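Feature list (source: TrEMBL):
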- 33-459: domain 'Major facilitator superfamily (MFS) profile' (DOMAIN)
- 114-133: transmembrane segment (TRANSMEM)
- 174-196: transmembrane segment (TRANSMEM)
- 202-223: transmembrane segment (TRANSMEM)
- 306-330: transmembrane segment (TRANSMEM)
- 368-389: transmembrane segment (TRANSMEM)
- 401-424: transmembrane segment (TRANSMEM)
- 436-454: transmembrane segment (TRANSMEM)
Amino acid sequence: MSTGAEATVGDGDGVAAPAPASSTGVCSVRHGLALLVHLCNFAISTQQMNLSIALPAMVNGTAPSSPPNASSAAPVYAWSPEIQGVLLSSLSYGSFVASVPSGYVAGLVRPRHLIGAALLTFSALSLFIPLAAEAGVALLIVLRAVQGVAQVMIQTSQYLIWVKWAPPLERNQLITISISGLMLGSLTVLLVGGFLCETLGWPYVFYIFGGIGLACSCLWFPLVHDDPAAHPLISAAERDHIARALAQQDCEPDQALPIRAMARSLPLWSGLLSQFTEHWFFYVLMGYLPTYLHSVLHADLRASGFLSALLLGVAFISIILGGLLADFLLSRKVLSLLVVRRLFTSVGVLFPSLLSVLLPWVSFSLGVTMAFLALSLATSSLCQSGALVNFMDIAPRYTGFIRGLSLVFVQLSGVIAPTVSGFFLSQDAELGWRNIFLLSAAVDVSGLVFFLVFSRAEVQDWARAQTLTHL
């Protein structure tokens, strides 16, 4: 958020560095870049979820009733539930294996080239999913795993763009605008994916969203540049503003990684642990929200899908507003950077934890439950301007590698949280939900405590250029 006066950003100890504010505001090239990254994330998110939406129509005996020229004419397959589970997990296989290597590669290859190539590959492969399914389930699993590798390359590399493009007082809003595309993509595919399966047939879910991804990649290469100094459309005023704002930041990538120093860094561990704990409840909701709405609140399946999409819409708006609020507090010198990170993380953890624990006691009302869930997602989105972006504060020169490392913790949470939740439900369906929400709150709060004690917002010694202790 730009202001008309000179702005300052505080480090973790409250020390302020002057950075003149820009007058171009949301019409700037950097905000246009945020929109392009948003579209990239939108395309990836829709293609990440399209198999989950299309799979019921792809499996023999589960396709919805539809006109003869629609999904009933599309091929169906006799895949067992075990095979379906492997198919749905295959994207995560590639992402998990490639997270750390892609983070390291992201520091060596220009983000523009890496993201563009990964988006192009991911989208092109989506167009071949119907052919791969016809050729055999093994080929389909391999194809989705390769897509997982491309996906994680985008997730790790996009943060490197903001190392050189985002003034400290605008970093939160630019990042949250970018990553909000993930929520918008999930929302879109939930709303229209089933309709496409019923009217055009399930292959068109992959053709349409894959085509959108290809269109985004065609926009990406000519419009995106790694450095403001190399962008042909940027004004001299905006280029100078970014250069002045980042003049004191050491952000050049380093091929040698200070592994030992990283392993001993409690501020780094506080951020990594937060990635695990703060995604726990999110993955519980993504995996079991339709089941909860249907089995506990007795909402029909179609209504459950719509309500799930509605909650994602709330999260989409809240993420952007949270980024704007964080930058406003920093630009007006209301709070230091460290206080903003800790405050936003605290609100984003404590409110959802309390509301989730109360959910079993308000299950008598669908409206009250939806209000609680909406407030949970709205407040939890503040973590995107808190602990979840703190790694860029403490080690901007290693942004790609640490982002890749953090994705390992995110994916571990995505595996463990639904598995444990399923175990609770299998033991006792009535008490299972209460145990799920209690455990989610306990996990989330434990990560918050660790972050509040050990987090920092200044660049760590091991992340400075003069650091020579590498492994």
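These residue numbers are counts, starting from 1, taken along the chain as shown.
Heads up, the Cβ atoms here are built off N, Cα and C, so glycines get one too.
Per-stretch counts of Cβ pairs under 8 Å to the transmembrane segment (368-389) identify 306-330 as the leading one among 114-133, 202-223, 306-330. The stretch with the most CB contacts under 8 Å to the transmembrane segment (114-133), chosen from 174-196, 202-223, 306-330, 401-424, is 202-223. In the predicted structure, the domain 'Major facilitator superfamily (MFS) profile' (33-459) carries a mean pLDDT of 90.
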